[in-house]
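Below is one structure, written out as structure tokens, with a few remarks after it.
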Amino acid sequence: MASDPDCPPLPSGSLHARGAAPGSGYRGRFAPSPTGPLHAGSLLSALGSWLLARSAGGEWLVRIEDVDRGREVAGAAASQLSALDAFGLRADATVVYQSQREPLYQRALQQLLDAGLAFECHCSRGQLAAVGGIHRRCVARSNRRDPAIRFRVADDSAVAFTDRIRGHVQQRVDREVGDFVIRRADGNWAYQLAVVVDDAAQGVTDVVRGADLIGSTARQILLQRALGLPTPRYAHLPLLLDAAGRKLSKSERAHPLDPSTPIPAVRSAWRMLGQDLSCLASTGDVEALLEQVVASFDPSRIPIQPMRSGPLPLSHKR
């Protein structure tokens, strides 16, 4: 490792001791959907959320978001957990599966229905598409046998929050989104409701995830307020793009990570988080590497702009 005043010396003590300091109060999480193996974009989110938790002396949880049965790939959850373990990213509590938590979602839904904050939606996809996808502009022509259930968004629903990476963010949910689905017509629970219920139930204080989900945050804050739940702090990490500038995904363009060679992937994710590779000494042990990345991590270097995968020069421009 080069001598660099920006690279702090490694502290003594174990990673676990520094990662779960008593009373730190920070609790983060990584919550993948089991739709395929982990790829470079997944690792970027996992490592980023893990680092922010560890740098705060907090806990890091893993939750498998498997409520969308139609998209789930058999064996994907086990593969993802095995890969995380190979990369040295281990949860501080038992892994939670959303598919086992449906009674919690049902209670939250009933609370919203009882308060008049949720309603059955009989509009078809075609009818919604004709009005730009904004539900309140749609008038159903007939009742559906299995309607979706939507959250009722009040007029003038401007939601603002401070993102740790991106600063002030605001969205007019009534104009830009409208009344949104919390239980789908096929009976599956919508992401927005499930994630809000689980974050509160697990005591998550900090939600760190990819920037592709920043548009969901205002809706989730509205649900938190309606259900009387705490609002966590938010940080949205840069997206990872392929060489053509398209977002990497498990279903397209993204190659699965090789758990047998974790070191290059962790170093690459470190670089994509805007961090200095010169702070990392050469090592063949992933645990030793993680000791280094925790000690050298600087959250202020995380970029806002999307990052391209591959050996490209790193820009810190925000």
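Just so you know, glycine gets a Cβ as well, placed from its N, Cα and C.
What TrEMBL says about this protein:
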- 1-32: region 'Disordered' (REGION)
- 1-11: compositional bias 'Pro residues' (COMPBIAS)
- 27-130: domain 'Glutamyl/glutaminyl-tRNA synthetase class Ib catalytic' (DOMAIN)
- Arg29, Phe30, Ala31, Pro32, Ser33, Glu65, Tyr191, Arg209: L-glutamate binding site (BINDING)
- 32-42: motif ''HIGH' region' (MOTIF)
- 144-252: domain 'Glutamyl/glutaminyl-tRNA synthetase class Ib catalytic' (DOMAIN)
- 247-251: motif ''KMSKS' region' (MOTIF)
- Lys250: ATP binding site (BINDING)
Same-chain residues at least 6 beyond the ends of the motif ''HIGH' region' (32-42) whose Cβ lies under 8 Å from its Cβ atoms:
64-66, 68, 71-73, 76-77, 79-80, 83-84, 210, 239-240, 247-251, 254-257, 265, 268-269, 272, 309
For the binding-site residues Phe30, Ser33, work out the Cβ neighbour count at 10 Å and name the residue with the minimum.
Ser33
Taking only the residues in the domain 'Glutamyl/glutaminyl-tRNA synthetase class Ib catalytic' (27-130), give me the average pLDDT of this model.
93
Chain-internal residues, separated by at least six, CB under 8 A from Tyr191 (L-glutamate binding site):
Glu65, Val67, Asp68, Ser216
Tell me, by DSSP, whether Arg209 (L-glutamate binding site) is helix, strand or coil?
strand
Other than Arg29, Phe30, Ala31, Pro32, Ser33, Glu65, Tyr191, Arg209, which residues of the same chain sit close to L-glutamate? List them in sequence order, counting a residue when its Cβ is within 8 Å of the Cβ centroid of the site.
Arg63, Ile64, Val195
Could you tell me which three-state DSSP class Pro32 (L-glutamate binding site) falls into?
coil
Among the binding-site residues listed here, Arg29, Arg209, which has the most company in the form of other Cβ atoms within 10 Å of its Cβ?
Arg29
May I have the DSSP-based helix, strand and coil counts for the residues of the domain 'Glutamyl/glutaminyl-tRNA synthetase class Ib catalytic' (27-130)?
49 helix, 17 strand, 38 coil
